[in-house]
Structures are given as C-alpha cells and as structure tokens.
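The structure appears right after this line, and notes come after that.
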Amino acid sequence: MAEAASLTFPDGSVRNVDAAMTGADIAESISKSLAKKAVAYAMDGSLRDLSDPVERSGKIEIITREDPRALELIRHDAAHVLAEAVQELWPGTQVTIGPVIENGFYYDFARNEPFTLDDLPVIEKKMREIVDRNKRFSKEVWPRDKAKKVFADKGESYKVELIDAIPEDQDLKIYFQGDWFDLCRGPHMASTGQIGKAFKLMKVAGAYWRGDSNRPMLTRIYGTAWADQQQLDSYLQMLEEAEKRDHRRLGREMDLFHFQEEGPGVVFWHAKGWRMFQNLVSYMRRRLDGVYQEVNAPQVLDHSLWQTSGHWGWYKENMFKVECADEEAEDKRTFALKPMNCPGHVQIFKHGLKSYRDLPIRLAEFGAVHRYEPSGALHGLMRVRGFTQDDAHIFCTEDQLAEECLKINDLILSTYADFGFEEIQVFFSTRPEKRVGSDALWDHAEEIMGGVLEQIAERSGGRIKTAINPGDGAFYGPKFDYVLKDAIGRQWQCGTTQVDFNLPERFGAFYIDKDSEKKQPVMIHRAICGSMERFLGILIENYAGHFPLWFAPLQVVVATITSDADDYARQVTQQLKAAGLTAEADLRNEKINYKVREHSLAKVPVILVCGKREAEEGSVNIRRLGSRDQASLLLAEAIAQLIDEATPPDIRRAKA
C-alpha cells in the first residue's frame, strides 16, 4: 500500500493523499485553473518544485505568480535565463554564480573581454527569446564524479570548484531548461515562460571570484524582475526618484560633506553638514536627558580586551590594528580602534560594586567606531569605515527586561515620528542554531520579548507592523530590529534592541542581589539611529534635502535686492541669529532672481528678501523652498513665526 501523507491546506481543511503525489498533482486535484497558474508549492513554508513529491505530512500551499513569494522564483529563474542567453551569444563564456538579491538578481561571468552596458540590450533580447521558448525546468541529481566530469568537459572550471565546496552528504542538483543546464539548489518554476517579460538588465560591474581580491576578476551583470510590468515600471520610477535624492549628490549641492581618496570611508564634514550632525546629536541628547547616563569609552584599547569580548576571534579582520612598543616591556603591544562600544560600557559598569537597587543602569554614548569595510562596499554616508553610533547599554534584572524593552520601543518610535517616519516594522529574531546560553535562558528571554512584541502591536493600534524571524537572532541573544519606510517606499533597518547573554559572562560583570549574592545582569544593546552618518544619509534622501526648518543646517538667508538695503539686511540677520536661528546675509551684487535660484538649489528653507521698501518699512518678503508664494511681514512678526516653526518637536511637546 502506498504511503499516505496528511496535508493541511490554507483554509484549514485536511486531506490524506499518496505521499508520492507531486505539487502539480495536488494543484490539479484542486482545480485545473489553479494547476495552470501554479509555479511552485510550499511545504511548511519551504518552497519546492511543482515536480517534487510531497513525501510527508504537513501544511501545503500552492504558489502562483501573484503570491509575493513567487518573486524570488521569478528572479532566480531570470538569473538562469540570463546565463543561458550569455552562453548562446558568447560561447566559451564561463558561468559562476547567480543568486537572487534584494529587488533582483545577478550573475557573474568569466570572459576574456568584460561585458559593457552596450551588451545589455542584446542579452535582454535573447532572454526574451528564451522566455518565449517556454522550456520546462527539470531536475536531476547527479553523482559527484559525473557532475565534475561534465562541467570540466564543458570548460566550466568555476563550477568544478563549486562542486568541490559542496559537502559530501548533500545532493548535487542539476536543473535543465531545455538543453541548457546549471548546478543549482533550486527550486524553480515549471517553465521559462512563467518568468514573464517584466525584467530588465540594469548594470555591469567587476567582482572578484569568491570576493577574494587575489582571485580572478569576473563581470557581474545585475538585473531586476517583477511579477508584472506595472511593478517593474514602479520600481524603475522609484530608482529614478532615488537618483534625484542621492545623498552624495545633494551633499555636494548643499555643501554638507565630501569624501576623498586619502581617507576612504571617512567623512569630511563641511560647516553646514557638521551643524546638521550636531543638530541630530543635540536632539538625541535631549531625548536621553534624565534617563540615560552619557559616558565616553576609549577609542583605542589593547587587543586583550577584544580577546576577552570575543571580537578578536571572529571580527579581527574587520578591525583597525596598530602595534606599539612599550618602553617598559620587551614585546610590542597590539592595540585596536574599537569597532563597537559595548565592551567599554561593560568596563564602566564593572567599575565599583553595583546593587540590585542601582538597576537599571542605562549607559549611552555617541561613540566613534571604526570598521574595515571592503573598498567596493563603501557607499557615501550609508557604508563607511569610521562612524558614530548612538549606542546605549542597559544593565538590568530579568524582572526589568520587559519594561526596559517597552521604554526603548517608545523612544525609538517617537524619535522616528519626529523625523517624519510613520511606517515602521518591528521584527523579532529568535534563537539561531549556534548560540551561547542555555535553552532555559533563551526560553525565558524569548517569552518575555514575545510578550513585548504583542504589546508593541496592541499599543500602536495595529499601526506598527510586527513579525517574527525564526532563527535570525544574534548568537548572544534574541533581538528586535526596527525597519522604517522612507518617502519613496524604501525600507531601512536602523534601530535595534538586543539581549546579550555573552558579554556580562565573559567580563564577569555582576551585581549584588537582595539575598547578598552575586548575580549576572541582563545586558541590552540599544541603538536608535545606529550609525549617525547613515541615518543622516537616510534623512537627506527622505527629505530630498528639503529639511523641516528645525533641522535644516542653514535655516534662513537674507538676500538683498539692491545695495541700499545692505545695512538693513545685516540688522535682520543679526536679529535672526539673536533669536537662535541659523542665518546668513547675501549682499552680493547679483540679481535677486539669481540669488533666490542659487539658495533654492542649496535647499535653504526660507529666503527673506530685502529691498529699499522693506528697509523703510521694517519688513521682509518671505519666500519658502518649493513654493512660488510670497508674503510680506513686519520683521518682528516674521521672526516670531520662524522661531515657532524652528522649534524642535521634542521641545514643542515639553512646552505643551
């Protein structure tokens, strides 16, 4: 008798079927229309080929192209079609790897002559031909020796190397699309035709094989693929808008910062940019005042501390190190610039005996950290080697963990709201396979944080979306990640709350409990902005440089129409500064339209125009960024209005 499998469907119904039935068979048994639309199926959330037998009992879902999960399959299949197209057009080109990435895919090719942008339309045309052929995807499992021989005979040395890297106990899956085949874990859709035509090749770049600069340079072709043309068009439109908002371009136009070759990955802040940076720090300091103790730990520490923390073992290659001769010692000492603030904060906590009555202790730092990032990964303010973290570490008891996590959540959400971010997602990441701490410890922490996650959703009235990422926690404890959506729909992971079972134990941190016993504190890592530089990059792009008045690096420019108003413009500027506004006078002998245009391009929020009439009346003509409207006000009224507008939201709340 054939082995049976009990399948639970999305509507809750249960059916017993032959375990040898495939996903395609199950779809066909439900309806012919579903079978026609099906591209894959999921067993207990894991995607499979339609041709795979169900094999066992579980929860089953038939996946169609309308399902968001189908996007990964569309992109994966498009990468295979890209590789086939390239080898049809340029025989002898070696294919290497071609994964799905965010919003698309890429494939790396080994070819004597690198591809250029001019090649992309030709490749894209060939890809559409392959899609039209609608060849079936089929899977074979090959013995290791056969796979190596076949790929070696084809001249695919990179594939042979990949096969050697696959563990002996794993099957070697080969996927065919017609006569063309590739080494792949899968899964794939039923045929190339199911990819559709909503794809586009985007760019070419160089990439070292296996990311190793000592290995050959390959050509990487990037593409994007979507379920339909409307989604593709929306994505391309978003990219176009993102290009206009690129913080690197706006940083130049607004004279905020620059980078140069002598300091890769470190920021040269100009006066206006540094003022904006300080505005952010000042805002954050006000939010922490009275709740956190601001501290400052050394930037350079002996490597022995990093050995104790564990960073030296698993993070040493990403640290900046220096050897110094100690006059009193025979050997050189090795120091490192700190890549993170947490070990330093543990040292501060350990300095002096702590009682349970002292807890929670909340230590915050705007700490400069340095991490060695590959030069190819550097990207403006978004990915740098030297940056400032708005780091805090809370040392508390287990009983205080839930309350502290909720307080952190409230602070993070209100901070994001002050900067105009209302669409927030909170992801709860649970224990990974490799971790420290007992199962009982993880059970307790996950139970507490799971309850906090429910409260976050309830208290927001459903406005804050929450989700669980099983197995995605840090090795030292479970965590919350806060993801915000910007003005053009992009998502950015910024804030985090992480429970740490590791560092307090490694450093022997303890407090004295109510029974006069030593007890290890619960340590919480907390960041709101994360990297201050990156957060500023996000803000620049979110606002497209049109900052609210309270956060603008230069709030007001006083521009004269004629030299007759120069003295008055100087007086206006001084009064604005005396009122706490950042202001500059533009007294150049240029036409007023030229001045207005120049300052508008520099994204100055308010321009006060002064001519002979304004000087006589004691008034100003107000022009605002992005508006053609003009308004004449007496100077005192204008200043009062601007002071009110320039009041930061946290101060406004405190006054209410």
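Every residue gets a Cβ built from N, Cα and C, even glycine.
When C324, C342, C494 are compared with the Zn(2+) site residues H393, H525 in Swiss-Prot, the one appearing in that site is C342.
The 10 Å shell around the Cβ of H525 (Zn(2+) binding site) contains 22 further Cβ atoms across the protein chains shown. Using DSSP to sort the residues of the domain 'TGS' (1-64) gives these counts of helix, strand and coil: 14 helix, 28 strand, 22 coil. Within 8 Å of the centroid of the Cβ atoms of C342, H393, H525, where the record puts Zn(2+), the same chain has further Cβ atoms from M340, N341, H345, V346, D391, A392, Q498, D500, L503, M523, I524, R526.
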